């Protein structure tokens, strides 16, 4: 049983940006005085060039990196690097590796496909040179857990933040949270790191630490404005995910990496599983709500995990009932019309980790960027979440034991 202890927080302070200004030693001279001769014009050019070099080297931030990515995206559009879907002769079949894949036109799903000749005609690609770098970077991480949901709005990101806080309750455990919901990053707000920025060093990108032993990485830290829409194609999302896995420096050792993903089965999921398969993923935690509409998409998510050879650590039924904070009475808000998550787990043979009741104070804590367990340690929801984390860690250890036996 997890005993929750408050973790000391790190006040993340931004470094004051240095201001580089042109010295005023020549302020008494007019511009025409500088440009009277070609020699003075050359001196002025070199002088300004040196200032620009200093400025960009010492004030480079991810805001500039964001616009650089947009510029590169313009010059390296999909029409120049890979086959566009509009060029395909027919819709992509099920299990299609994709026209940009190394197996394009060569996979089992390609046999008899009308697009086989088109896909196989592109330049043959060798192994991704970044895969060994990613493998080496992630080899220092003991456990890697994907948090998935078939449907949006079931509380996946909220539960990811609760999971990160709960594991980090043990001050001897180093935890990292990676926000791969590229178009809808919300972990920075939920973990109290909104408005912060990451820094680049020789060892890589440094995550933002919201506690002594809890770091966070998100695209939200790179945006020039928190309300900026991220309108990216799949190839660009994949490139950022690769950089997150390759360049983020989590330190010498990380015990747990919790990865928040977007809902459904999209490019982000395929990229994560492709890049991390060499170093190994402990498994996936699937979040759902009790009603059948959510379970319909969960079945697809389970099918995706099995086809991608990702172990399912278990399923969590979120918003399962409502416990009144005042009278402690319980009622069902989202009724399990077909038996809910527990019955689904029995049907499909996957572990059921537990149910978490709906508590409006969880939403309030996430909006304020506060740890729910600090504010309401005795609430039924806090107890339920800690029980789920206990069950999850048991599944992780069981997976390691089974792997050792094999």
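Using the three backbone atoms N, Cα and C, a Cβ is placed for every residue, glycine included.
Residues annotated as [4Fe-4S] cluster 1 binding site in TrEMBL: 96, 110, 113, 119. Residues annotated as ATP binding site in TrEMBL: 150, 151, 152, 153, 154, 155, 156, 157. Residues annotated as [4Fe-4S] cluster 2 binding site in TrEMBL: 324, 327. Per TrEMBL, transmembrane segment is recorded for 41-67.
Mapped onto this structure are the features recorded in TrEMBL.
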residue	record	DSSP (3 states)
110	[4Fe-4S] cluster 1 binding site	helix
119	[4Fe-4S] cluster 1 binding site	helix
151	ATP binding site	coil
156	ATP binding site	helix
324	[4Fe-4S] cluster 2 binding site	coil
Closest of 110, 113, 119, 324 to residue 152 (ATP binding site), Cα positions, binding-site residues only: 324
Among 110, 113, 119, 324, 327, which are recorded as binding-site residues, the nearest neighbour of residue 157 (ATP binding site) by Cα: 324
Candidate nearest residue 156 (ATP binding site) in space, where candidates are the binding-site residues 113, 119, 324 and distance is Cα-Cα: 324
For the binding-site residues 110, 113, 119, 324, the one whose C-beta sees the most other C-beta atoms within 10 angstroms: 119
Residue with minimal Cβ packing [other Cβ atoms within 10 Å] among the binding-site residues 151, 156: 151
C-beta crowding around residue 155 (ATP binding site), within 10 angstroms: 21
Winner by Cβ contact number (other Cβ atoms within 10 Å) across the binding-site residues 150, 152, 153: 150
Between residue 110 ([4Fe-4S] cluster 1 binding site) and residue 151 (ATP binding site): CA-CA distance (Å): 29
Candidate binding-site residues 110, 113, 119, 150, 153, pick with smallest Cα gap to residue 324 ([4Fe-4S] cluster 2 binding site): 153
Sparsest Cβ surroundings (other CB atoms within 10 Å) among the binding-site residues 154, 327: 327
Chain-mates of 150, 151, 152, 153, 154, 155, 156, 157 with C-beta within 8 Å of site centroid, ATP: 149, 263, 287, 288, 289, 294
